[in-house]
């Protein structure tokens, strides 16, 4: 209970409200996440409203209490001259208008907490002083009835301003979004007297056409786009427009660099210290134990910073994969994950699956393995790829190159050379009872070669070239089944060798080899299946020649037809593909313009597990006719023969940008640029110990 009668106690009731506001902002301050822009702005708006109410309270006291007391006592002066309210309001306004990013928010938060603590230390004693000093003076200089009248006026003034929202409008407080909206408004009558009249003749930013909003959004960085997506459903849909997300740099974004333009070509590698810092981040993140005791040492503090950076990177990647790429993945052209501390093969696999139209992929110095490319599981699934950098990816093997080559597709000109219609198909079907095979377990299920094409996954988990031991192969024949008249697989048990119709039986003699201009690979095409081709390809009888059919270990594919001039077929095919459906790779006819294997840049620097087998996998489907830059520095196990096979399939290769180990006697030895990894501290090189 107040020490003075309630009817004449002019301070206690208003001060109770002020103390309540102090408690509220202290509570909000302790719970606010200053890294979150929405929380940050909500706190500042709340503080601005609170301190405006403090200011209003001060003005009411000056006019109805202190002013009257000064008229009757000469000892009262400058009671509210140093309460810092104006300075605090100015601080909040600057925060609302000037703070743009998370880094500035965190710096501002530190200053804000210090200033609020100082204000609270002064404000609470100030109210106590008024209650204990000025209230007795009021009792001395004013009558009972005068004090009752003063209190009524003070309470009435406070209540009239109680609606905070109206108070904010009256004092022209607008948050940043409202200010922008106000600027964009146009009014028929600029001298409208009321807010209602203004709104009738104005258009806010939310009413702009989608085309205009999309143009505005194109100037925003990814962080700002994510904020805009939280404004409304309409803005959320616009922010997910693919054209706004063509270029992704999640590693840079996690470190505060929100660049999202086209990839820039850097001629210089980062220095060893920078690379070492990235490795330290990755190591600290992998070794981090959430349940470990906190170590306050300097070394621990450095590791803590590294862990924080890696965690931020992981959050950015997770957000992209689950919240952004499902909507915009088909529009993504550039993905740079170079020197990532947190990226994993699984993450890369998910991203590649969601981004089929990538043109620029940089995975430099990441800890990925072959499984990162498992999503490139069907032919031509990433045929727009022009730039691929796997420098320093030490876990990459030939299997990854096989998947990459498959994803690049097949040249249209390469297909047309040996995918020719063989006339009208014969109508006589073959029956399963006339055919027998020695063992059905040797032959995997054949895929139905229809024109569904690119929309379906046509491969199993094995790569293009999965060598299989030839020891278990008992049949000297390769069976070519008609694609449109396949028997039920259960009927295969009754098949016989006799009366083979609608099959092309090719004997795999030991003298089967390549003859450059007449190489059999030019006459064979089809979709890969797990039939006994793989077993034949493991035979020593097949010598490496760099062609898709002849490479040892290359899984050959089920054929639907062979050219009529082929000497391999003992019996002419009865059934062939209908006219107009010979482009079985893609399921539809394609234009004359090349759409596959357009790779211009390939770096495998430091990928020391790569062998000739992987290089030859890149020659499949027409080679790499547009490749200009090839870096094989640190690929220690490749040979001159393997390099020659690859170079022969890369007619556009520029010797100036062709790098390989100096110890290899390979092609263009006099004009190629040699190894780039000499005395390099973070890439594989045969001379790294020198």
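Using N, Cα and C of the backbone, Cβ positions are placed for all residues, glycine too.
As annotated by Swiss-Prot, region 'Hemerythrin-like' applies to 1-159. Positions annotated as Fe(3+) 1 binding site by Swiss-Prot: 15, 57, 61, 130. Here Swiss-Prot flags 58, 61, 80, 126, 130 as Fe(3+) 2 binding site, drawing on similarity to another entry. The domain 'F-box' annotation in Swiss-Prot covers 202-248, and the record cites sequence analysis as its basis. Positions annotated as repeat 'LRR 1' by Swiss-Prot: 340-364. As annotated by Swiss-Prot, repeat 'LRR 2' applies to 365-392. Under the heading repeat 'LRR 3', Swiss-Prot lists 393-418. For 478-507, the entry in Swiss-Prot reads repeat 'LRR 4'. Per Swiss-Prot, repeat 'LRR 5' is recorded for 575-606. Sequence annotations record features per position, and here Swiss-Prot assigns repeat 'LRR 6' to 607-634. Residues or ranges marked as repeat 'LRR 7' by Swiss-Prot: 635-660. The feature [2Fe-2S] cluster binding site is assigned by Swiss-Prot to 661, 675, 685, 686.
Swiss-Prot feature annotations superimposed on the structure.
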| residue | record | DSSP (3 states) |
| --- | --- | --- |
| 15 | Fe(3+) 1 binding site | helix |
| 57 | Fe(3+) 1 binding site | helix |
| 126 | Fe(3+) 2 binding site | helix |
| 661 | [2Fe-2S] cluster binding site | coil |
| 675 | [2Fe-2S] cluster binding site | coil |
For the repeat 'LRR 1' (340-364), distant same-chain residues with Cβ under 8 A (at least six beyond the ends): 250-251, 263, 278, 281-282, 285, 306, 309-311, 313-314, 317, 320-321, 325-326, 329-334, 370-376, 381-382, 384-393, 603
Least surrounded among the binding-site residues, given as 15, 57, 126, when other CB atoms within 10 Å are counted: 126
Number of Cβ atoms other than its own within 10 Å, given for residue 58 (Fe(3+) 2 binding site): 17
Spatially closest candidate among 15, 57, 61, 661, 675, the listed binding-site residues, to residue 126 (Fe(3+) 2 binding site) (Cα to Cα): 15
Long-range neighbours of the repeat 'LRR 7' (635-660), counting only residues six or more past its ends (CB under 8 A): 544-546, 604-605, 607-613, 615-616, 618-619, 622-629, 666-668, 671-676, 684, 686
Additional residues surrounding Fe(3+) 1, by Cβ distance to the 15, 57, 61, 130 centre under 8 Å: 11, 14, 18, 58, 60, 65, 127
Local Cβ density at residue 61 (Fe(3+) 1 binding site) - other Cβ atoms counted within 10 Å: 22
Counts by DSSP class (helix H/G/I, strand E/B, coil) across the repeat 'LRR 3' (393-418): 15 helix, 1 strand, 10 coil
Three-state composition of the repeat 'LRR 2' (365-392), taking helix and strand from DSSP: 4 helix, 4 strand, 20 coil
